[in-house]
Amino acid sequence: MALQKLYARFYPPALYAEVLDSNGRLTKRNLNIPELTLLTDIPALAVEIMTHNDDFNSHNEPQIKKALKELTAAQFLEYSNYSNPKTFKTHVMPIIGSKFNKDGQIFMTYSYDRSAKIWDSEKGQMICALNGHTNAVSDCCFNNPVGDLAATSSYDRTCRIWDLQNAKCIYLLTGHTKEVITIKFDPTSKYVMSGSFDSSCILYDVETGATIHTFDEHAGEIQCLEFCNTEPLFISGSADNTARLWDIRSGECVFTLRGHKAEISNVHFDIQGKHIFTSSLDSSMRVWDIRQSLAQYIMKGHEGPIIDTNVSVDGKKVATASSDKTAKIWNVETGELIGTCVGHAAEVGNVRFTPQGFKLITTSDDTTARVWNAETCELEELLRSHTDIILTLDMNYMGDKILTTSKDNTVKIWNAKEKKQRHENILAA
């Protein structure tokens, strides 16, 4: 076997080797690396990786050291000064939301005007319009990291898969009997999943557009769904106060997560696939072990419904946003409250950790976005430009671009003006 390419994933850090086997086939393997810290001995780690992998020889050592150094540096990269946003007026009728592709070079908006549109983030120009739905477009997603396809869901009870090179609809996805409110590609982009007010989720094959499974055991409207990064599983949250874990191969429900007293507002996995997170309008969040249907922790403390949640990339922290005008950060391993972000004057509707995990971004009905220190919960930046409720929040892969959508019918991109290494000495390894 011989090494062909070395791939790095920054968040969370991982190395992958593409090797050519004796039969001439390319395979991609994950090179298990420990947590990268300031004390990581990069030369010694490079030697250890080569020792435990027959695909490498001494000629690969500089390449491995370079990749490890870049990975370590990325963990301590800090962006700031998200000021003077670019403003986009994208739709005549009310806008519903917007999403970045992976690198943030383009973004997609979706609206009550029945269309989605693709935009160039730097030039501020529309690249193409995705027309075909007969009612409002409720959600959208890119097939990241490739980003050559998009999927949209609509109140017209259908979904669509689009080829972004020619703005053509490849497949019209049918099967729902009520409004479709959410859609997501799985991590491999082989499948796309929709969730609907008809209480069901439908899994489609991206290559053929065929329906693979319909998941219809919920007794209430689907509110949210998410795929697992490590196993062929997904989680759905419903207005029936439960979440369900499903196997996408068999189409069967693995187990039902019960205990919330009101509808589920968000569901998440950590990227390692160890925990499930559910939040509810009952003002609580629960952390579940994916191997069983019992809650490890119940996080209580908000004085109003939890509207949004986000898990840090390393899986160590989870943030909650509430109608009580605050956001809270929790320790996943202990279930304890780390701190509360206080300062918004109205409901906090969106929350997102930066990829490096040092900062937390929130948006609010008070028309502002805010940047907080994720360790102390102290306010670092106040982003004021919108004139109405902020509806959605997104961030690109590196965390140097923030995307906000507002009821003022504008989209804004907040580019970080400053970049620094929290600890410069890591570059001397």
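Residue numbering: from 1, along the chain as shown.
Cβ atoms here come from the backbone N, Cα and C positions, even for glycine.
Just so you know, TrEMBL annotations never went through curation; they're auto-generated.
What TrEMBL says about this protein:
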- 88-129: repeat 'WD' (REPEAT)
- 130-172: repeat 'WD' (REPEAT)
- 173-214: repeat 'WD' (REPEAT)
- 215-256: repeat 'WD' (REPEAT)
- 257-298: repeat 'WD' (REPEAT)
- 299-340: repeat 'WD' (REPEAT)
- 341-376: repeat 'WD' (REPEAT)
- 383-424: repeat 'WD' (REPEAT)
>> Counting only residues 6 or more past its boundaries, what in the same chain has a CB within less than 8 Å of a CB in the repeat 'WD' (299-340)?
In response: 11-12, 262, 265-266, 268-272, 274-275, 277, 279-287, 346-353, 355-357, 360, 362, 364, 372, 374-377
> Could you give the number of helix, strand and coil residues in the repeat 'WD' (88-129) as assigned by DSSP?
Replying inline: 0 helix, 23 strand, 19 coil
> Restricting to the same chain and to residues at least six past its boundaries, which positions have a Cβ under 8 Å from a Cβ of the repeat 'WD' (173-214)?
Replying inline: 135, 138-144, 146, 149, 151-161, 220-227, 229, 234, 236, 238, 240, 246, 248, 251
>> I'd like the per-state residue tally for the repeat 'WD' (130-172) from DSSP, helix first, then strand, then coil.
In response: 0 helix, 24 strand, 19 coil
> Where DSSP helix means H, G or I and strand means E or B, what are the helix, strand and coil counts for the repeat 'WD' (383-424)?
Replying inline: 1 helix, 25 strand, 16 coil
>> Treating G and I as helix alongside H, and B as strand alongside E, what does DSSP give for the repeat 'WD' (215-256) in helix, strand and coil?
In response: 0 helix, 22 strand, 20 coil
> Can you give the mean pLDDT for the repeat 'WD' (383-424), rounded to a whole number?
Replying inline: 95
